[in-house]
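To start, the structure itself, in structure tokens.
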Amino acid sequence: MTVWSRHDILMMNRAVQLARKGLYTTRPNPSVGCVITQNDIIVGEGFHQKAGEPHAEVHALNAAKEASLGGTAYVTLEPCSHFGRTPPCAKALIEAGVKRVVVAMKDPNPQVVGRGLAMLTAAGVQVDIGLLESQAEALNPGFIKRMKTNIPLVTVKLAASLDGKTALANGKSQWITGSEARQDVQRLRAKHGALVTGVETVLIDNPSLNVRYDELGGLTDVYDEKDLQQPLRVILDSKARLTGKERIFDIESPLLLVSCTAYPDEFTAKLPKHVEKVVLPDIKGRVDLHALLAHLGQCVNSVMVEAGATLAGAFVEAGCVDEIVLYQAPKLLGAKGRNLLALNDYESMAEIPSLKVIDERKIGVDTRLVIQLGHI
Ligand code: AOF
Ligand code: ZN
């Protein structure tokens, strides 16, 4: 096992911090940071800002110029070896004369996996891998899952009272959580490649389902409005019930309508340019969620489900959920209030899903729990 110096740890920590600057802008690419040092002094740094633009290493090399000759590069992800939208970073590091490359984690992209490391080693560069690996993995959980499985990471967002209800018995629910939690939800949306909801939610609540820049709280200090990526809004409309008059159609961020039967021609003819459609197989009349995720996995790293109890419950029962983010408000909504998830009843404690709280914090007056799901 490699023994890391204090300097190595500090530099990789800096590279992780730099990578974080791209967390809301690089999709579907991963967020990556890079620091280049010469005699333990930083001579260049950079991070990947946007898919199609230079990778982190190129920004750092451009900043370091000739000072990278004989230097060390710290990168949060294995330098790429392929010609994608940009040329290989491993080659750029070799040509700049970098002597040592410290890498936090291997790139799970099948076009790379280890080839970047091999290119560097073959050129006589010293490669050390595994420093701050879990911090680097935490930057890109969706990218890592999709590269390994072709399926996006799925997070179900829920908001409930202390007694586990999402609305009063009469359906009223504005607002259960406080304004800070609602801002946090906007930031969560901004991080995801797609937001999934059901047609019922669209027909009843008529939401816009986009990220509202002015509701992002502190993020607006860091990102310009033009750099934020709107997630793909995905509406599950198995029986093709949307009319085209709902608010989702008025907002110009990308929209995907998923049905199990084709929409009528009159509806299709009037659709604006930002709307796409796909017909997917059904299970008992509802969109097959596994087919949905396989479809989204072609372009999206992470999916956030913001839906009513039926669809959110169906995701959980289908074993499709990686994480639940639950905002719990210090309120009591009463025994007849609406339930959080529509799940089948369990017969024994052995059958109940295994859940693990991996993060818990106060968000304003509410509590946010991040819960990992085991296999159900
Ligand atoms: C790096 N450094 O900063 C990033 C990397 O389409 P392209 O050319 O941008 O390539 C995207 C792929 O490159 C992406 O899927 C991942 O494997 C790698 N991302 N690699 O060396 C970076 N962002
Ligand atoms: Zn690269």
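Cβ coordinates come from backbone N, Cα and C, glycine included.
According to TrEMBL, the protein carries these features:
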- GLU57: active site, proton donor (ACT_SITE)
- HIS55, CYS80, CYS89: Zn(2+) binding site (BINDING)
- ALA159, TRP175, THR201, ASP205, SER238, GLY308, ALA309, THR310, LEU311, ALA312, GLY313, ALA314: NADP(+) binding site (BINDING)
- SER173, ARG189, LEU209, ARG212, GLU306: substrate binding site (BINDING)
- 6-128: domain 'CMP/dCMP-type deaminase' (DOMAIN)
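According to its DSSP assignment, GLU57 (active site, proton donor) is helical.
Taking a Cβ distance under 6 Å to any atom of ligand 2 as the criterion, the binding-site residues SER173, ARG189, THR201, LEU209, SER238 reduce to none. Remark: of the recorded positions GLU57, GLU306, the most isolated position is GLU306 (fewest other Cβ atoms within 10 Å of its Cβ).
Comparing C-alpha positions, HIS55 (Zn(2+) binding site) sits nearest to ARG212 among the binding-site residues SER173, THR201, ARG212, GLU306. Cβ neighbour count within 10 Å across all protein chains ranks CYS89 highest among the binding-site residues CYS80, CYS89, ALA309, LEU311. Residues SER173, ARG189, LEU209, ARG212, GLU306 are the ones the record ties to substrate, and the longest Cα gap between any two of them is 20 Å. Comparing C-alpha positions, SER238 (NADP(+) binding site) sits nearest to GLU306 among the binding-site residues CYS80, CYS89, SER173, ARG212, GLU306.
Listed in sequence order, the binding-site residues among SER173, ARG189, ALA309 whose CB lies under 6 angstroms from an atom of ligand 1 come out as none at all.
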